[in-house]
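If you look up TrEMBL, you'll see 21-251 marked as domain 'Xylose isomerase-like TIM barrel'. Per TrEMBL, the feature active site, proton donor/acceptor maps to GLU141, GLU238.
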Amino acid sequence: MPRFAANLTMMFNEHAFPERFQAAAAAGFPAVEYLFPYDFPAGLIAEKLSAAGLKQALFNLPSGDWAKGERGLAALPERRQEFRQSVKQAIDYGRVIGTPLLHMMAGIASPDDLAAQTAYRDALAFAADAAGAEGIGLVIEPINGRDMPGYFLDDFDRAVEIITGLDRANLKLQFDIYHRQIMRGDVLAALEAMMPLIGHVQIASVPKRNEPGTGELDDFRVLRELDRLGYEGYVGCEYRPAGETTAGLDWRTRI
Ligand SMILES: O=C(O)C(=O)[C@H](O)CO
Ligand SMILES: [Mg+2]
């Protein structure tokens, strides 16, 4: 059975963010992930984690002005300085919180834009090297265009090609089963082919992004396949509970 990390951005929204750590631990999760810790001091997050006896699985680099629709800075050449500052901030937080992984979002830009392509590869190499110097891994995640229209990294094969081309030991793929099913399907074959490059996995049902086992895919079969393939990382539960978070957790007993 895979080890699960509760995604505190989507789950346990019945509680204020700092209280979600305790709620996740009480519900039996060994680890957590979330989009951003930056509204709180890193020390407070580290305290909440340790008081709840949880491990940190991953969080994202600062990704621009989320409320205004920004979804990362890496592929935006005109934001290079700000991007580099964001890498520093993420690593400072990562050091205090003790994260093994950071997720770098690409931003809204055309995948065909040459300047965006160059900026993205440059940003990725910079962030991977900076994170690597602290013993932290970096992941990138293809995201489907229905949830995130215009997102630069909208293709799994391109992500693999970029990761392979940059050839950094700490640079890996974030394989979100929900996005893969929407973008291309063929989930089991892709997991098998990409497993050597996969650094983190996330799951939600398709199409509603609710609890695993409530959508079109046999999520339990996919989770068993992760075990068979020897995946040892966390599986982030990046889903929106259909009702109250704990009331919907019985899917974990059905794998
Ligand atoms: O949306 C997702 O699937 C993610 O994992 C990102 O971190 C945030 O959008
Ligand atoms: Mg995801």
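Cβ atoms are placed via backbone N, Cα and C, with glycine included.
Using a 10 Å Cβ-Cβ cutoff, GLU238 (active site, proton donor/acceptor) registers 24 neighbours.
Listed in sequence order, HIS103, MET105, LEU153, ALA159, LEU173, GLN174, PHE175, ASP176, HIS179, GLN202 are the same-chain residues six or more apart from GLU141 (active site, proton donor/acceptor) with CB atoms under 8 A from its CB.
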